[in-house]
Amino acid sequence: MVHQSRRGASTMRTDDASSCRSSTCSEKREDFSNAGDEEEKIGGGLLGDRLGLSPEGREIEEEAIARFPTANSIRTGLSKTQTNAKSLRSIRSHHSRAGADGYTLNDEDEKPNNSSGATGEDAADPYLVRWEGGDADPMNPRSMTTLRRWCIVFIVSASSLCVTCTSSLYTSTYSQLMPEFGTSRLVCTLGLSLFVAGLGTGPMILSPLSEFYGRRPIYICSFTFFLIFTIPCAFAQNIQTMLVARFLDGLAGSAFLSVAGGTVGDMFAKHELSAPMMVYTASPFIGPEVGPLVGGFVVQNTTWRWCFYVLMVWSAVQLALIVLFVPETYHPVLLRNKAIRLRKETGNPDWIAPIEKLSRSIVKTVLWSCIRPFQLLFFEPMCLNLCILSAILLGILYLFFGAFPLVFQNNHGFTASQTGLSFLGLFVGMLAGITSDLFWRRRYDRLVQRSEAQGGGSEPEFRLPATVFGAFLVPLSLFGFGWTTYASVSAIVPIVFSGLFGTGVIWVFSGVFTFLVEAYPLYAASALAANSFARSYFAAAFPLFGVQMYNNIGYQWATTVLAFLALAMAP
């Protein structure tokens, strides 16, 4: 399975030919024969020239074209009469056409000793706009100070925290919502499920738009509508208004569950990516624990409407921070802005950015990019398995919003605020998972050093050890939680096991998210959208049957079923 993911994620890297094994070379030749998607063509010439490959890399491409005569014709453009199935297969390795940095359409690994700084496409087109000096270019987001980059990470992470906190804080309102609107608990739970379904649907459109317009416009529009749709939730007079507003609210806030991961990758190189990605990865999962904690105290002391008043104030503050401090970071869009500036300053219309050479419309971009997440799910077994694993874990996490009140209120007589405090176990466990990031980074560095000593380099799979350990910690913690949910057992015991579950979840998601960003670099937002889609719909479905399952088969066996489900997907 790992071998298959390398076929999709690493074949176009600019590794020295001397370190390329025969199997890797054959993978390169195969992907050259599948690299012709017209909407993603950069221009004429060999693909190696367009990507800035080393001479050895271009020799591999020339050899592939010589040995496979149809590869060149496929590479230069697909027939418009090609079937959809063939089109899907032809862009299976679409990410491999990214530059070496993974986020631009050019070569990031520009050698400093190259005085001309022009190879491949630059030699053929001197007016092609690129980063001057790689990451040192003033317009390159990776040239920003470390403090500024981290401030941006914290802002987008806090926005993700706000969105996910909104999802779960709603669960604290059930006790007051049901008598006021005269509805059942199951119908009220639909408000949670519809919000999470919106979180999974939005990235299918917002992610491709971010790859066309950039990250910043999506952030501003998304959070503006997120704030707007929170208002009818606060002033709803019936359950129908609440349910519709909840879905639209989740749809609007969904950008931060996929696009924000691309922003982190835009600003940090591979060797710097682990720590900021850990912070971003953790924020959407800490948010659900903060929701019941805040909501429990609000509902116990005021009314349920104040839960949404608090969210309105928080959202307004986050929107102001985004507008003031979060710049555009998407490399192709920044290069397009640079090309526009050069054309104005020089009066020469020949300056052009790589993204401007793409022959695609907005509609075509959205349609193709809505398909792309499913391509990753259907054609990349590693992506599919990791998405299912993460989907199950998030489903269990959201199921706990119904299970915790049953366990701690029925068995231990907890009040609403005390039930909210019981989520501190998950909260602390996730914080522990975040603080262990240094260990996993050192583990990653050792794997890279070992690979380089053998003539290789960094691989996306080197990010997965945390996922492997977390995937086994999760079922163990669920077994422990389930079989300590007796009234005779102190409440602190299942809370401790829930903390271990939180740690395992963070380990799993940190590895999965970073793997997806590195394995599918140019379409990182789309890869995360595929993951977000799978996760969100599992999370939307699990709460609808969770309470019934716990009531019908008992707290112990219900949690055991969840543990076996997680164990079945452990890598």
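Using the three backbone atoms N, Cα and C, a Cβ is placed for every residue, glycine included.
Predicted automatically and left uncurated, TrEMBL annotations should be read as such.
For 75-87, the entry in TrEMBL reads compositional bias 'Polar residues'.
According to TrEMBL, the domain 'Major facilitator superfamily (MFS) profile' annotation covers 152-571.
The region 'Disordered' feature in TrEMBL is assigned to 1-54 (among others).
Marked as region 'Disordered' by TrEMBL: 75-122 (among others).
Among the features that TrEMBL reports, transmembrane segment is placed at 150-170 (among others).
Distant neighbours of the transmembrane segment (182-206): 163, 166-168, 170-171, 173-174, 218, 222, 239, 242-243, 246-255, 257-259, 366, 370, 373, 398, 401-402, 525, 528-529, 532-537, 539-541, 543-544, 547; these residues of the same chain sit at least 6 beyond its ends, with a Cβ under 8 Å from one of its Cβ atoms. If you look up TrEMBL, you'll see 182-206 (among others) marked as transmembrane segment.
Taken from TrEMBL, the feature transmembrane segment covers 218-237 (among others).
The transmembrane segment feature in TrEMBL is assigned to 277-300 (among others).
Distant neighbours of the transmembrane segment (306-326): 151-152, 155-156, 158-159, 162, 165-166, 169-170, 172-173, 215-216, 219-220, 223-224, 226-227, 230-231, 233-234, 263, 294-295, 298-299; these residues of the same chain sit at least 6 beyond its ends, with a Cβ under 8 Å from one of its Cβ atoms. Annotated transmembrane segment per TrEMBL: 306-326 (among others), in sequence order.
The annotation transmembrane segment is assigned in TrEMBL to 382-408 (among others).
Taken from TrEMBL, the feature transmembrane segment applies to 420-440 (among others).
Per TrEMBL, the feature transmembrane segment maps to 461-483 (among others).
Per TrEMBL, the feature transmembrane segment maps to 489-516 (among others).
Residues 185-186, 189-190, 192-194, 196-197, 199-201, 203-204, 207, 254, 257-259, 261-262, 372-374, 376-377, 383, 386-388, 390-392, 394-403, 406, 512-513, 516-517, 558 of the same chain, all 6+ positions outside the transmembrane segment (528-547), place their C-beta atoms under 8 angstroms from a C-beta of that stretch. Look at TrEMBL and you will find 528-547 (among others) tagged as transmembrane segment.
According to TrEMBL, the transmembrane segment annotation covers 553-570 (among others).
Remote same-chain partners of the transmembrane segment (218-237), defined as residues 6 or more beyond its termini with a Cβ less than 8 Å from a stretch Cβ, comprise 156, 159, 163, 166, 202, 206, 209-210, 244-246, 248-249, 252-256, 259, 305, 308-309, 311-312, 315-316, 318-319, 322-323, 326. Counted over residue pairs separated by six or more positions, the transmembrane segment (277-300) shares at least 3 Cβ pairs under 8 angstroms with the transmembrane segment (489-516), which defines the two as touching. Between the transmembrane segment (553-570) and the stretches 150-170, 382-408, 420-440, 489-516, it is 382-408 that has the most C-beta pairs under 8 angstroms. Per-residue pLDDT, averaged across the domain 'Major facilitator superfamily (MFS) profile' (152-571), gives 90.
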